[in-house]
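Asks: I have a structure here, written as structure tokens, and I will follow up with some questions on it.
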């Protein structure tokens with residue numbers, strides 16, 4: 001029973017037993033409804049609902065004036081109406097305010113934002129450098145520094161022999177000479193160490209050895225340009241041309257812009273007599289585009305030897321970018337990376353002449369196995385502990401363009417498992433990339449088999465690339481593969497060796513299936529870097545917010561800056577650096593619109609304005625890190 005109905009009924013009963021007031025004439029008001037019927041209706045209503053009004057009784061004839069009763073009743077109803085207007089309407093407007101007013105962030109506790117962070121000790125220095133960065137002379141020199149780096153084609157091939165054993169590595173020596181010529185103060189003030197022939201490590205000694213050093217990384221190599229695509233480039237792929245808006249060429253986005261902008265920041269600070277309190281290390285790999293097997297691994301071993309395990313306060317490498325919306329900029333440093341596993345699935349079967357074939361050749365059996373894998377994809381899941389879930393919380397809390405229905409589900413999903421499941425279904429329905437983001441993926445990329453049309457193939461194999469969700473593991477993935485393929489192998493009478501273990505019968509007449517790690521490079525998902533509330537994350541977040549909110553660039557004007565942790569779907573050199581620090585961030589300070597056509601494809605180019613912003617970012621980051629006492 002509603003409380004307001006209860007109060008009306010109680011007041012009505014009181015009116016029925018009240019003596020006539022001498023202040024009101026008996027015939028001043030005429031009732032517009034029979035009191036007995038009204039009470040009966042009220043009582044009947046709640047009897048139907050299984051409730052009775054306390055002390056309710058059949059209507060009685062009382063010696064009071066009906067005029068007085070009506071007057072008191074109407075006063076009671078009027079008072080109730082006023083109460084409704086005073087209490088309910090404000091709540092209504094509060095509940096629906098977002099429908100009629102501009103969006104305001106809510107539930108910010110789930111995605112707290114660090115305040116914009118600008119150096120205090122070095123504030124005057126940064127102010128003067130901002131004037132330098134805005135100058136046309138500085139920008140022209142900076143753009144040419146990147147263009148010159150692009151003109152040196154440090155292409156990375158998967159089949160390169162180790163450094164020193166393949167002449168294709170020699171181009172990296174040319175790149176080193178260019179860096180020495182372009183950044184003279186860096187090469188006279190910092191200690192340079194060459195690791196494994198061509199990987200570079202620069203040591204910038206700080207005054208206070210008690211402070212943990214900071215590590216900034218990038219890579220020198222670029223993906224090759226396919227010769228047949230050269231004619232489709234707007235400008236030659238290694239031109240390094242600045243056309244007034246874009247700097248063109250392979251590596252302009254990935255990742256020479258990161259390497260060169262960080263060195264420009266250091267060179268400029270040295271020109272202004274900056275001497276750090278904290279030690280900084282800059283490490284530049286040589287084969288990130290093939291997994292870092294020669295560069296990042298050697299850098300890791302060197303740094304572990306020179307500094308020790310968990311020796312660095314913070315590590316920033318290439319990675320997440322900014323999404324610039326109409327009202328909001330969401331900058332997304334990756335605090336996690338998916339794992340990876342390349343499955344080699346090989347079927348061996350008896351050979352012979354094609355004129356007398358078996359029911360299924362090795363290629364036919366392999367095709368059935370591939371079909372089984374693709375028919376049983378990994379299911380995407382959404383967990384509250386996922387980095388992607390944290391990113392969703394930030395978008396829902398701060399981005400006015402986030403769909404309202406999804407925003408409600410995100411809010412409810414914090415405590416409701418039902419809402420969490422519904423949210424996952426809605427994301428899968430509305431976001432094509434959801435499965436790639438929130439689940440383990442598989443892609444059949446390479447297949448080989450057969451040598452001649454009249455000879456039965458004695459073996460055939462396929463390589464399937466997997467990217468492992470942060471909540472899963474290599475072991476879980478391998479078990480899924482075994483569970484999926486074992487019934488198919490049994491159906492085709494094929495024995496199985498799965499990752500070194502025999503499955504089923506030792507021998508089978510139709511052939512043998514071997515499941516293995518194709519290149520011995522299985523990688524577990526990366527440890528998740530602590531985010532909001534941790535000092536390194538808040539420092540990086542505050543730096544990002546400061547650089548964007550103080551930018552002279554019109555693209556960022558009058559926009560709210562939100563920093564949200566994300567997960568990287570691919571892998572960077574940081575996969576080799578887990579032992580160096582627990583605070584690894586993968587973040588490239590540029591918007592997606594600053595890349596003309598992405599990376600690893602034709603017409604790679606970076607917007608010059610975006611490149612200038614990267615210089616501003618690295619400069620501010622170095623100054624903020626240097627004066628952070630608790631990092």
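Residue numbering: from 1, along the chain as shown.
Glycine is treated like the rest: Cβ placed from N, Cα and C.
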Asks: In TrEMBL, which of 71-93, 94-116, 117-139 is labelled transmembrane segment?
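Replies: It is 71-93 that TrEMBL annotates as transmembrane segment.
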Asks: Which one, 243, 254, 301, is listed by TrEMBL in the same Zn(2+) 2 site as 219, 317?
Replies: 254
Asks: Using the Cβ center of 254, 289, 600 as the Zn(2+) 1 site position, which other residues in that chain lie within 8 Å, going by their Cβ?
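Replies: Nearby residues not in the site list: 222, 223, 255, 288, 599.
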Asks: If you count other CB atoms within 10 A of each CB, which of 221, 254, 289 wins among these recorded positions?
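Replies: It comes out as 221.
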Asks: Roughly how many angstrom lie between the C-alpha atoms of residue 288 (active site, proton acceptor) and residue 221 (active site)?
Replies: 7
Asks: Hey, how far is residue 221 (active site) from residue 317 (Zn(2+) 2 binding site), Cα to Cα, in Å?
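Replies: Cα of residue 221 (active site) to Cα of residue 317 (Zn(2+) 2 binding site) measures 14 Å after rounding.
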Asks: Rounded to an integer, what is the Cα-Cα distance in Å between residue 600 (Zn(2+) 1 binding site) and residue 254 (Zn(2+) 2 binding site)?
Replies: 8
Asks: Calculate the distance in Å between the alpha carbons (Cα) of residue 254 (Zn(2+) 2 binding site) and residue 289 (Zn(2+) 1 binding site), and round it to a whole number.
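Replies: Each residue's Cα considered, residue 254 (Zn(2+) 2 binding site) and residue 289 (Zn(2+) 1 binding site) end up 10 Å apart.
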